[in-house]
């Protein structure tokens, strides 16, 4: 779908439209973290605060979602709160974004769907928590997130805390390399692992300043290389849960998912919910902290572009 033919299906929130028209920095935000990633009311409060962080950082936030079949680029306070309370929202990626629009449905946009919508309107920077990737046991289940293909195809900078730690990070990095997606550790030479600052794997590339990341992206665009850039930004040290501790929680959550035969799109929300329970709420606090940290960096990158 080209941007021109997509416009009749898109509603751009007035502050976002004004910023785009004036060439001011805009940062996209996804909405599955609202609809599927956190319980209410934490999800709504988190989303509002992340938008404020981006605004305070000198950029305009644009939370992306599908509401009643309309692709929303930026939400009003009422729309954001209503989405946070929606119990039956779809989880939308490239495969079902068009379905939700055609059927008048409401859904949270994954990394992939958010990248698509952002690129349609010219937003080049997007802050999220963690990307999807290769699930553990994918050699049997073939459960690999569409986020990875979208990163290879859509020219958007995605600021994350790496891949979600419930995934097979090593295989996720291998797929990203195969698909030609640059993975940049922000100020780190080791890949972060979502709730934890370090994983056993090296960051393929390292840059230290938002201006360097912006320059790298502009250079890729000028060279016609296509696709996005994944920025891996470690969670602040005072909020991390060490990887050794998280490993036990993740293993227990995965065993519970297997016992209940949880599959497909239900896997990630189930695992996140189980880990929230096992950590006594600590994982949620860390998740919120890392999203806020990514929003701050994304605002700086957007200003540098």
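Backbone N, Cα and C atoms are what each Cβ position is placed from, and that goes for glycine too.
Quick look at what Swiss-Prot lists:
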| type | residues | note |
| --- | --- | --- |
| ACT_SITE | 30 | active site, proton donor |
| ACT_SITE | 164 | active site, nucleophile |
| BINDING | 91, 111, 145, 146, 147 | substrate binding site |
| BINDING | 143 | Mn(2+) binding site |
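Shown on the structure are the features that Swiss-Prot records.
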| residue | record | contacts (Cβ under 8 Å, 6+ apart) |
| --- | --- | --- |
| 30 | active site, proton donor | 63, 64, 108, 109, 110, 111, 113, 114, 126, 128 |
| 91 | substrate binding site | 32, 35, 36, 107, 108, 110, 265, 269 |
| 143 | Mn(2+) binding site | 134, 135, 137, 263, 264, 267 |
| 145 | substrate binding site | 93, 110, 111, 112, 131, 132, 133, 134, 135, 167 |
| 146 | substrate binding site | 93, 94, 95, 110, 112, 132 |
| 147 | substrate binding site | 93, 110, 111, 112, 131, 132, 133 |
| 164 | active site, nucleophile | 129, 130, 131, 132, 133, 194, 268, 272 |
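Apart from 91, 111, 145, 146, 147, the residues listed for substrate, the same chain places the Cβ atoms of 93, 110, 112, 113, 131, 132, 148, 150 within 8 Å of the centroid of those Cβ atoms. For residue 111 (substrate binding site), the number of other Cβ atoms no farther than 10 Å from its own Cβ, over all displayed protein chains, is 29. When every Cα pair among 91, 111, 145, 146, 147 is compared, the largest distance found for this substrate site is 13 Å.
When secondary structure is read from DSSP and collapsed to three states, residue 146 (substrate binding site) falls in the coil class. The residue listed as 'active site, nucleophile' carries neither a helix nor a strand DSSP state and counts as coil.
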